[in-house]
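These notes are about the structure you will find just below.
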């Protein structure tokens, strides 16, 4: 059988309370240690437990951390033969002096209290004190979105004494750069945490004086892949889709107009969706440049067809006026080819032979010329069937306006050149 040794309960040997051992009632703990003398040094170290969220709209971040203070208060020294420290919870904190450190530019903060207040106080026999708290704080972070979403943000959590100037209390990082420790499992969905580091400097207030201020700085770099899928790729595809109208017949008005309007409305939706999740800043972001340039390309494709349609209408109007002013009587080689089923009138035969009704032609000559023309029509029809595919391609080229031909090269080339400049500047 196992033999268990019962731990010695030292509280049974004490004849007084903890307050009497630390002589809490014998001193005025509303005053700082060594009041009237030099500034009391208070060392600080921080362990970051989690970086909970980064909000671009509110321009703030939320962090959970363990904040620890180290100082010496001779009034709390006590005799000890083992030189061991005593550990207390938050109930003793209300009866002794502790540094009044607060978070500058914080919006919300609280000390965790489940299941009890997450506060620990450890007192050593020589009067050294360790004061530790678990805190969640939401603080302001001034972000610059001029390169969004290809940006990096640097945020700071600032600690400072509220009442004591640098003449009474000197805050410092206890172990220099080693005073800040982070959990290796800290990760964010949209950001890559590049580094944490500490700094310190004096802060001046015109009404109260100089204060020691400590900074917890961390640099975040935004993940770009999400925005490539949700913003850049759809915008690029919409621009490329607008180029399809350059290959559609210029007489297909409904097809080209509907395609242009659809791409314009889709680009407007993408721009609205991106700006809805961003603060209303007064400067231009990198994503705004890309989206608005893409929108301009889509809009210009609509204007391009408007110009093609207008110039085509003007050209057809001029040709119609020329035909009305100079009526053309063509010979056999230039006459229209018609497919007849054998039933034709005299006027049809005369038109096929290249004559008008006002011309007097003998009946025999009419029949001879008609037979010759029908033979030519049969030969042309057979050759037309053999080269049908070639004629379809030729007809598409002939129905293409010169502006469409140039647009097929200018629009893609210009957009590719813009992308090369954009990604070389912002990436």
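Glycine is treated like the rest: Cβ placed from N, Cα and C.
Whatever TrEMBL says is automated annotation, not expert-curated.
Residues or ranges marked as domain 'Neurotransmitter-gated ion-channel ligand-binding' in TrEMBL: 24-223. The transmembrane segment annotation in TrEMBL covers 224-245, 257-277, 289-311, 409-426. The domain 'Neurotransmitter-gated ion-channel transmembrane' annotation in TrEMBL covers 231-377.
Only residues 6 or more beyond the boundaries of the transmembrane segment (409-426), in the same chain, are considered here, and those with a CB under 8 A from a CB of the stretch are 147, 150, 236, 239, 243, 246, 286, 289-290, 293, 297, 300-301.
Non-local neighbours of the transmembrane segment (289-311) in the same chain are 231-232, 235-236, 238-239, 242-243, 245-246, 250, 253, 256-257, 260-261, 263-264, 267-268, 270-271, 274, 401, 403-404, 407, 411, 414-415, 418, 422; each lies 6+ residues outside the stretch with a CB under 8 Å from one of its CB atoms. Over the domain 'Neurotransmitter-gated ion-channel ligand-binding' (24-223), the average per-residue pLDDT in this prediction is 91. Residues 149-150, 190, 255-256, 259-260, 263, 266-267, 270, 274, 287, 290-291, 294, 297-298, 301-302, 304-305, 407-408, 411-412, 415, 419 of the same chain, all 6+ positions outside the transmembrane segment (224-245), place their C-beta atoms under 8 angstroms from a C-beta of that stretch.
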